[in-house]
Amino acid sequence: MSPRPEIKAGVGFKAGVKDYRLTYYTPDYQTKDTDILAAFRMTPQPGVPAEECGAAVAAESSTGTWTTVWTDGLTSLDRYKGRCYAIEPVAGEENQYIAYVAYPLDLFEEGSVTNLFTSIVGNVFGFKALRALRLEDLRIPPAYSKTFQGPPHGIQVERDKLNKYGRPLLGCTIKPKLGLSAKNYGRAVYECLRGGLDFTKDDENVNSQPFMRWRDRFLFCAEAIYKSQGETGEIKGHYLNATAGTCEEMIKRAQFARELGMPIVMHDYLTGGFTANTSLAHYCRDNGLLLHIHRAMHAVLDRQKNHGMHFRVLAKALRLSGGDHIHSGTVVGKLEGERQVTLGFVDLLRDDYIEKDRSRGIYFTQDWVSLPGVLPVASGGIHVWHMPALTEIFGDDSVLQFGGGTLGHPWGNAPGAVANRVALEACVQARNEGRDLAREGNEIIREAAKWSPELAAACEVWKEIKFEFDTVDTL
């Protein structure tokens, strides 16, 4: 029997485990214009250095693994690895740090939010050396954003399609969200649109349930839209929720909406998934449909201050994946949203170029180049008394959506819509005349209520309604 040959390790390979920071913590690194940059809020386990944690985040979300492997020598890790290039303590928080990580562009598939998130917010969030990890912000370079279609149409094209300018758009979510028959649902849509709203909306829960199948809902809503358009002379729409159990079924529903001549469909982009959402966005551009996006499930990901990801990251991801509207909080209503933070990601949705501004939670300057903008939708616990503040906070390029604030009117749905339209027109006129909506808002609403009995009734019903809780999402 011949002697067993001696196997020698290669010169460049040394088996074993080594600290991540030896390879992935590079404080001298100069970021490139093509790098994707990430800001992570880290809470290390006791005794683990911040530099090791930051390097671990960079490693585990790019080329690293827990031990040295032979195949490291078959590629250029220096070209492909993520790099933790800066770490700073979080003011006022014990044992929390912001780690800045740069990723080379070649790590990510073009035009795929799914692939981007699989790397950056993947397994690393379960890493044992970290007690908690939150992705606060991403810088998407133009070299990557140009590989995405983005929103199907964008703000200006939507205004041109609707022939509506110089004011926020008005919407209403049909309530109760579940349980109505298709015919009664269509009746509520008609009454709201006839009263002066621009849009009505399927609730995010409404897909195709036994009490109301999707095709029946689409047909009765189409009838309501055509009837209200004929009576008002305005273009109307209803967000027909195309979200379904499969991508094929989702596209089938969008096709039916197009065949009915409807202007807009809707998708729950987080529960539906980014691959489905991007597919629907491409279909909508090709077929002239606007796309309304609901963010159901977002608070599971973004509500905790030290773990998960901030909504500004989800907002940027949506702009890449595609959507013409997205729910963004209200600042003044029943749902979470601190003013400066909300306005920060609203600008990230709408504007082409947004400067770094840590006072608004914006960690990086973001240049979207020519990617179309997204209209923020303020929705949740708002009513006519909020109209001056909403108009002042969100400006013209927004959708103000009153569900209970329309359908809860004591005289019915159409008077509720009238009250909201009158309040909005009064606020826009007052603003255009140079009045201060923040200071004179209540007076402006009272003046308008003198000649609108519908608005006067709404003011009386909701005069005591407030949602006074401290926001969790603070800087």
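In case you wondered, yes, glycine gets a Cβ from its N, Cα and C as well.
Taking a C-beta cut-off of under 8 Å and a sequence gap of six or more, Lys175 (active site, proton acceptor) has these contacts in its own chain: Asp203, Gly403, Gly404, Leu407. The feature active site, proton acceptor is assigned by Swiss-Prot to Lys175 (among others).
The annotation active site, proton acceptor is assigned in Swiss-Prot to His294 (among others) on the grounds of sequence analysis. In sequence order, Glu204, Asn241, Met266, His267, Asp268, Tyr269, Ile326, His327 constitute the residues six or more apart from His294 (active site, proton acceptor) in its chain with CB-CB distances below 8 Å. Secondary structure from DSSP puts His294 (active site, proton acceptor) in a beta strand.
Residues or ranges marked as substrate binding site in Swiss-Prot (evidence: sequence analysis): Asn123, Thr173, Lys177, Arg295, His327, Ser379.
Residues or ranges marked as Mg(2+) binding site in Swiss-Prot: Lys201, Asp203, Glu204. In three-state terms derived from DSSP, Lys201 (Mg(2+) binding site) belongs to an extended strand segment. Other Cβ atoms within 10 Å of the Cβ of Lys201 (Mg(2+) binding site), summed over all protein chains shown, number 29.
The feature N-acetylproline is assigned by Swiss-Prot to Pro3, with sequence analysis given as support.
Annotated N6,N6,N6-trimethyllysine per Swiss-Prot: Lys14, in sequence order.
Residues or ranges marked as N6-carboxylysine by Swiss-Prot: Lys201.
The site 'Transition state stabilizer' feature in Swiss-Prot is assigned to Lys334.
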*Would you mind ranking the binding-site residues Asp203, Glu204 by how many other Cβ atoms sit within 10 Å of each Cβ and giving me the lowest?*
Asp203
*Quick one: of Asn123, Thr173, Ser379, which of the binding-site residues has the smallest count of other CB atoms within 10 A?*
Asn123
*asked:* Using the Cβ center of Lys201, Asp203, Glu204 as the Mg(2+) site position, which other residues in that chain lie within 8 Å, going by their Cβ?
replied: Thr173, Ile174, Lys177, Asp202, Asn205, Val206, Tyr239, Asn241, Met266, His294
_Rounded Cα-Cα span from Lys201 (Mg(2+) binding site) to Thr173 (substrate binding site), Å_ = 5
*In sequence order, which same-chain residues at least six apart have a C-beta under 8 angstroms from Arg295 (substrate binding site)?*
Asp268, Tyr269, Leu270, Phe311, Leu314, Leu318, Ile326, His327
*Cα-Cα separation of Asn123 (substrate binding site) and Lys201 (Mg(2+) binding site), in Å?*
36
